[in-house]
Ligand code: PEP
């Protein structure tokens, strides 16, 4: 059985004062949780996480990483720098980065490779827009996003990634994929992984993201191929985040 993982994506929210309260609240309530938990925070707050969370069960990470190892790339953050702040995870290919920063499937795959090279676990986000779902293109779109990663990573690297299926129309909208809709896409992703490598198919955690909340988490997380959640809005309140971790 794959262990469950719940990751908070804080997006561009927080302040030192707010973070201190939120992190302390999560850590306080996390004792005894069966699922693993992590927060992916804005880069300037990684040191705060390293100071507050070292030695606790709450892991931390970033929301993006450069495909480059270093050099003249103003504004970018290298994977080795994230590793320097003891990050365990980094989100790559979030739909907001694909939509607002023009990230392509191939760039997202290169970012995943760069993260793995520094010993980080990339959380590779895939998902379709509402128009694509309505045009019955979900499997094609998500399959193509995944294929770009399969093309670049060898079997050993592939087994070390985390995938997050996040239907774009469900992110921050209050609309959630039904458990059956989500499970169908997760099963497709898992068979795509399995076709390439049996180990990756078995080991890779596939998280669901898109308006997961305390009241819908348990049902989503009970699906056989949903191994956890990537949580946006509900990760900004300790009680909500902890309720989802408990549901996992
Ligand atoms: C996200 O941004 O990854 C996300 C899933 O957001 P929300 O939970 O707010 O829909």
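A Cβ is built for glycine as well, from the same backbone N, Cα and C atoms used for every other residue.
Residues or ranges marked as substrate binding site in TrEMBL: 9, 10, 11, 172, 211, 232, 233. Summarising the annotation, TrEMBL assigns active site, electrophile to 94. As annotated by TrEMBL, active site, proton acceptor applies to 166.
Projection of TrEMBL feature records onto the structure.
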residue: 9; record: substrate binding site; CB count, 10 Å: 26
residue: 10; record: substrate binding site; CB count, 10 Å: 19
residue: 11; record: substrate binding site; CB count, 10 Å: 19
residue: 94; record: active site, electrophile; CB count, 10 Å: 27
residue: 166; record: active site, proton acceptor; CB count, 10 Å: 29
residue: 172; record: substrate binding site; CB count, 10 Å: 13
residue: 211; record: substrate binding site; CB count, 10 Å: 20
residue: 232; record: substrate binding site; CB count, 10 Å: 21
residue: 233; record: substrate binding site; CB count, 10 Å: 18
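For ligand 1, the neighbouring binding-site residues among 10, 172, 233 are 172, 233, by Cβ distance under 6 Å. Cα-Cα distance from residue 11 (substrate binding site) to the residue listed as 'active site, proton acceptor': 15 Å (rounded to the nearest whole number). For the recorded site, residue 172 (substrate binding site), the DSSP three-state label reads coil. Looking at the residues that bind substrate per the record, 9, 10, 11, 172, 211, 232, 233, the two CA atoms farthest apart are separated by 14 Å.
Here the CA atom of residue 166 (active site, proton acceptor) lies 14 Å from the CA atom of residue 233 (substrate binding site). Look at residue 9 (substrate binding site): DSSP puts it in a strand. In the three-state DSSP reading, residue 233 (substrate binding site) counts as helix. Apart from the site residues 9, 10, 11, 172, 211, 232, 233, the chain places the Cβ of 171, 231, 234, 235, 236 no farther than 8 Å from the centroid of the site's Cβ atoms, the recorded substrate location. Following the DSSP three-state reduction, the secondary structure of residue 211 (substrate binding site) is coil. Taking the Cα atom of each, the residue listed as 'active site, electrophile' and the residue listed as 'active site, proton acceptor' are about 8 angstrom apart. In this structure, residue 166 (active site, proton acceptor) belongs to neither helix nor strand by DSSP; it is coil.
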